[in-house]
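For reference, the structure I am asking about is given below.
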Amino acid sequence: MATNENLPPNVIRQLAKELKNLDESPPEGIKVIVNDDDFTTIFADIEGPAGTPYENGVFRMKLLLSRDFPQSPPKGFFLTKIFHPNIATSGEICVNTLKKDWNPSLGLRHVLLVVRCLLIEPFPESALNEQAGKLLLENYEEYARHARLYTGIHALKPKNKTKSGTISESTTALNVDQSNNAVSKNTPLGPAALPTSTANKAFGTNLQDQNAAPSDPALGASAVPKKDGLHAVKVPVEKKKIDARKKSLKRL
C-alpha cells in the first residue's frame, strides 16, 4: 500500500501545502478529501456544472501520484460511473493536461479544474468512450439523454432529510395539551369536582344527607318521612281525646 514514504520529503511538503490550500479555499464545485497519511492518492468530489447533462450530480474521482511526481503527471480516474467521451468505462480520464501537455509546475488545483472543465466541454475527437463520442458528434440530444440517465442513477445528490414527521408529531401533541388546558380552564367545576365542604357552602345543600336518603319515584312521596306529616297525625289524636272528655262531662 502506497504511503508518504514513497515520495521525496520536498514533494511531501509541497503537496501538504497545496492540499491545505485546497481544503481552506476549494475551487468552485470541487471538494478535496485529504488523507494526511497518504498523499499519493488524492480523492475529490466534483459537482456537475449547471447547464450540462451532469447537473445535480456529484462525481468522486482520484488522482494517483507516482514516485517521480511531479516530473511525471498523475493518473486520473472517475470512481463514479459517468457517460462521457473522455472518460472510459473503467473510469480512466483522457485529457492532454495529464499526458502530453503536462508540466511539473502545474499544481493539483489546475489539474482538478481541467477535469471539471471536461464536463462542460468534452473532446469527442480523442474519445475513450466511443459510443459517447459518436453520439455527441451525431446526435447531441441522445448523448445528453444518456448522460442525464447515468447521472440520475449513479451520481444524484442525496437530498437533505427533514424531520417534518417528528416536528408535526410534537406540534400535534402540543396542540392537544393546550386544548386540554383550555378546556380545564373554561369549564366550570360541578359539585362532584369540588371538596364536600366547598360544595356545601356553594350550593347550600348537605350532600351527605342527599346521598344517604335518595328519593325513589316508585315509592312515591310517602316513602320519605316529613316533619309536616308527623304533625298532621298528632292533631287528630288530640282532638279525639278532647271530644271524649266533653262527652263524659255532659253525662255528669
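Just so it is clear, glycine is given a Cβ too, placed from its N, Cα and C backbone atoms.
Quick paste from TrEMBL:
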- 10-156: domain 'UBC core' (DOMAIN)
- C94: active site, glycyl thioester intermediate (ACT_SITE)
- 178-229: region 'Disordered' (REGION)
- 178-187: compositional bias 'Polar residues' (COMPBIAS)
- 195-213: compositional bias 'Polar residues' (COMPBIAS)
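Each of these features: where is it, how hidden is it, and who are its neighbours?
For the domain 'UBC core' (10-156), the DSSP-based tally of helix, strand and coil residues reads 59 helix, 28 strand, 60 coil.
Remark: C94 (active site, glycyl thioester intermediate) has N86, I87, A88, S126, A127, L128 as non-local neighbours, by Cβ distance under 8 Å and separation of at least 6 in sequence.
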For the domain 'UBC core' (10-156), what is the mean per-residue pLDDT, to the nearest integer?
95
